[in-house]
């Protein structure tokens, strides 16, 4: 039986996944890209040729994977109808358009995958798919599986590196779907090895969407407005106060997880780790001094040379607050977590402090006196936006 897979998107991740998945036996790949004329451009660029994925292996060798998607289209009816798996490889702000496009055509037995999903993926999917949402299964990945770059649009993409392990959460629907883990493993290959998280809220809480805003706040929170000579180091340039803020925000995440388990027995969020433990687990090979969080971040070799987003101004450079570190991580991250914290009845003053500072920098109003009543809440993915106002509604997807 042919496995029908729809890959949504036209960027680096969509190119990579389309090429890898289409190379597997018994897999039919349809690409759906809603952006402008991207589907037409991709179809024209590929012509009658095959899509090439250049994979840089861990042993230093290169492998070329050649394959061809069955169709590249802007028409959701063509791409979605009959698809066993629908995988979104687009930024979180674009998910809404794809959910709306697939809603009339997605089958009850579909597995809908966010690769990656970002916080609020399940809330948005449930809201837009309506009655169908109870039937479909939803899978959320924490990040993309690879570092990848398009080398020639529509024709060639390079995988610079592949993660060894990647966690996903699963909400099983009432309809029978393909086996989620083994199917995704088949499409990707031997690596990354996929593991299942215990709970979808574990993934939401452990997205640690406060990290980028906290580092920006640590460097620019008391900035005098004068240009600096060069972009400061981002991760490796943090101070102890920023590390302390990261720890405080992480402690609030754990408190929310514990409150949910206490209020709603049967929901296991015991794998929610503090951020220091997370660093030790994920970056143990790259950290040179692991005796505390500050040193774990500042001596992390994978962060070498990464600098703050800046823009050139007279006299030097100034912070670029229009960067995705705030424009995505606040509405698609911190505000979603805040919504869950409100439903759990847990105050999160350190997270609130970062949100209040960041929303002013990007010209938005989400949080007003600690409540999600700002005019821009409707542009976020917090559960309250969709009518999931209680823990029970958040956990079950049933609005009350």
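For all residues, glycine too, the Cβ spot is worked out from N, Cα and C.
Since we're looking at a predicted model, the values are computed, not measured.
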(request) According to Swiss-Prot, 143, 212 bind pyruvate; identify which of 118, 124, 236 is listed for that same site. (result) 118
(request) Round to a whole number and give the Cα-to-Cα distance in Å for the pair residue 10 (NADH binding site) and residue 206 (L-arginine binding site). (result) 28
(message) Excluding near sequence neighbours, so keeping only residues 6 or more apart in the same chain, what lies with its CB under 8 A of residue 37 (NADH binding site)?
(response) 74
(request) Can you grab the distance from residue 143 (pyruvate binding site) over to residue 212 (active site)? Cα atoms, rounded to a whole Å. (result) 15
(request) From the binding-site residues 11, 35, 36, 206, pick the residue whose C-alpha lies nearest to the C-alpha of residue 148 (NAD(+) binding site). (result) 11
(message) Can you give me the same-chain residues 6 or more apart in sequence from residue 206 (L-arginine binding site) with a CB-CB distance under 8 Å?
(response) 142, 253, 272, 273, 278
(message) So if I draw a 10 Å sphere around the Cβ of residue 36 (NADH binding site), how many other Cβ atoms end up inside it?
(response) 10
(message) Excluding near sequence neighbours, so keeping only residues 6 or more apart in the same chain, what lies with its CB under 8 A of residue 12 (NADH binding site)?
(response) 148, 149, 150, 157
